[in-house]
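Only one structure is covered here, and it is reproduced in the block below.
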Amino acid sequence: MEELVGLREGSSGKPVTLQELWGPCPRIRRGVRRGLEWLKERLFRVGEDWHFLVALGVLMALISYAMNFAIGRVVRAHKWLYREVGDGHLLRYLSWTVYPVALLSFSSGFSQSISPFSGGSGLPELKTMLSGVVLEDYLDIKNFGAKVVGLSCTLATGSTIFLGKVGPFVHLSVMISAYLGRVRAKTIGETENKAKEIEMLSAAAAVGVATVFAAPFSGVLFSIEVMSSHFSVWNYWRGFFAATCGAFMFRLLGVFNSEQETITSIYKTRFRVDVPFDLPEIFFFVALGFICGVLSCAYLFCQRTFLRFIKTNRYTSRLLATSKPSYAALVALVLASITYPPGVGRFMASRLSMAEHLHSLFDNNSWALMTRNSSPPWPAEPDPQNLWLEWCHPRFTIFGTLAFFLVMKFWMLILATTIPMPAGYFMPIFIIGAAIGRLLGEALSVAFPEGIVAGREVNPIMPGGYALAGAAAFSGAVTHTISTALLAFELTGQIVHALPVLMAVLAANAISQNCQPSFYDGTIMAKKLPYLPWIRGRQIGSYPVTVEHFMNCNLTTLAKDTPLEEVVKVVTSTEVSQYPLVETRESQTLVGIVERTHLVQALQTQPASWAPGQERFLQDILAGGCPTQPVTLQLSPETSLYQAHSLFERLTLQSLFVTSRGKAVGSVSWAELKKAISTLINPPAPK
């Protein structure tokens, strides 16, 4: 009992406790507590999802901007070092190469030592997790720290290594979302909800894209196209709300840091608005889409083939298994040596950063026409107001530098994707596509120097518009997405080329999707992740194939009248996570599901009231409190492969039991379903 020491001031008789009297500022504490309880009540009346999404967007914007700020300082220090070492070729070469070699080897070594799951972009693993597969290690907090440090070091190498930020940052956003979800569940006392978690992870994927490009609309659509096979419209508002908060905060930080006067697009363009293109140019935009589609197929095929070669080659596989930092340093040395500006790098604009590459390629002036009569000298240092001069070397024409840039970056990017470190691969593909479009645009500007005559109006061709279409088409073809067109508009703030850019993206996807799997699907296949392949039911005849053709008939059931000795034998001889519970051994009528963990626990804690020597059955264990689950969904042997595939994808299922007239006859898991789809798509050769 508390010791009472007096009455409250102004009270009619309610006593004051000793703890309350001597506590520090009891009235203030009570007021603060009441205020916090009132605020909590009002906030949760609105809905906790809103606060969760706002916190996620703001937090990811802060992380993205902080990373960009730190990376910018490191890149600036590298340029200063390269500029100040003098004219000696050896010192300049060492200052150019040692920097990325050290950063890349540290990125690979640090990230792999902290978490071996931090390498790559992380998007294939996220796509697998959003389909219902549990990959806990990829959402671990250690993985977050390794990914942040490793990605920062990778991006600090600049355009020398030529890698991006999108994929790993989406992975970081999903990890933050999972962590905040656990905190929220503990705060409000909510049990874990798998469906709710997947909804929040989908919104987090949109936030990751939006806080990299400050593009909320394309961020949501790109995350849907890349991550989801089926998407609920109910999740739309979550994705757009969180992405808008993140993009707004990201651009607002740039204004606060005096980087810009107001919130604008990242890559500003000066395209002609009144007549941006003539009607006959639509044909060339569509042709550009077909070219990007063909080149994307070549890139995807070469990338998968080279990755397979690196993994199977005796020397490279041994080096990757024993010393990943050494492999990263070796690849970085090769790439840095090629991009050394006084060497081959002078012919591929190697002194420009990746952002400056896009700024220059989106220039609306024709470089070929500007250098037709005279070749400007190659500047000693890049001019921020005339970045296009980096593409004009006295020994090469504009077409030569653009073509050389494409050829070199094509295989250099494939080589860089084999390094085991956190890195994104979307931005390099986007820039390569812009160079493809720029090359075609410059060729058309030379072929039609006065523009294509359409009626009485004559308008010069803008190669920057073709660069914009090429960037969207090539990146869309590699990733099998259409939203890259909208991303190009949000990045540049221009929508005057909306129709030709969209037509180019559609043409590129028409070729790529029919010839090659996307970059992320190819990575899923290379890593052998548990992901169901996509099927076209009506085209490959998945309806005639039924469950009875591929189900697992070796089903271990537990009947209620099974003696406990046999139950123990079944549990110890099998390793399945759950058993189908049937009524009797004769009828095999499916009545429920019993988890292995619950069954083992019940067997180990037999009631003391049981008489020794008396035979007991499974139904006695169940009556004693062993929990069972009802069978809410099951397959029929006549269910088609297409229907089973749709159920597994939309409901994120792992396995289902097959019943015929209530009798358990088999089961279907991911393994059987994936094998059936593979056999249907690639039938075995006749014997």
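The count begins at 1 with the first shown residue.
Backbone N, Cα and C atoms are what each Cβ position is placed from, and that goes for glycine too.
As recorded in Swiss-Prot, the features of this protein are as follows:
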- Glu259, Glu261, Asp278, Glu281: Ca(2+) binding site (BINDING)
- 551-609: domain 'CBS 1' (DOMAIN)
- 626-687: domain 'CBS 2' (DOMAIN)
- 507-687: topological domain 'Cytoplasmic' (TOPO_DOM)
- 52-72: transmembrane segment (TRANSMEM)
- 94-114: transmembrane segment (TRANSMEM)
- 161-181: transmembrane segment (TRANSMEM)
- 204-224: transmembrane segment (TRANSMEM)
- 236-256: transmembrane segment (TRANSMEM)
- 282-302: transmembrane segment (TRANSMEM)
- 325-345: transmembrane segment (TRANSMEM)
- 396-416: transmembrane segment (TRANSMEM)
- 417-437: transmembrane segment (TRANSMEM)
- 458-478: transmembrane segment (TRANSMEM)
- 486-506: transmembrane segment (TRANSMEM)
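If you look at the transmembrane segment (396-416) against the transmembrane segment (486-506), you find fewer than three C-beta pairs under 8 angstroms, all six or more positions apart, and that falls short of contact.
Sequence-distant neighbours of Glu281 (Ca(2+) binding site) (same chain, 6+ apart, CB under 8 A from its CB) are Leu444, Ile452, Ile461, Pro500. Secondary structure of the domain 'CBS 2' (626-687) per DSSP (helix as H, G, I; strand as E, B; remaining residues coil): 22 helix, 16 strand, 24 coil.
For the transmembrane segment (325-345), same-chain residues at least 6 beyond its ends with a Cβ under 8 Å from one of its own Cβ atoms are 89, 92-93, 96-97, 99-101, 103-109, 112, 157, 159-162, 316, 319, 351, 408, 412, 415-416, 418-421. Mean pLDDT of the predicted structure over the domain 'CBS 1' (551-609): 81. Contacts between the transmembrane segment (282-302) and the transmembrane segment (486-506): present, as 3 or more C-beta pairs lie under 8 angstroms, all at sequence separation of six or more. Remark: the transmembrane segment (236-256) contacts the transmembrane segment (52-72), by the rule of 3 or more CB pairs under 8 A. Contacts between the transmembrane segment (204-224) and the transmembrane segment (52-72): present, as 3 or more C-beta pairs lie under 8 angstroms, all at sequence separation of six or more.
Within the chain, the transmembrane segment (486-506) has long-range Cβ neighbours (under 8 A, six or more residues past its boundaries) at 213-218, 221-222, 264-269, 271-273, 276-277, 281-282, 285-286, 288-289, 292, 358, 362, 465, 468-473, 476-477. Secondary structure of the domain 'CBS 1' (551-609) per DSSP, as helix, strand and coil residue counts: 19 helix, 16 strand, 24 coil.
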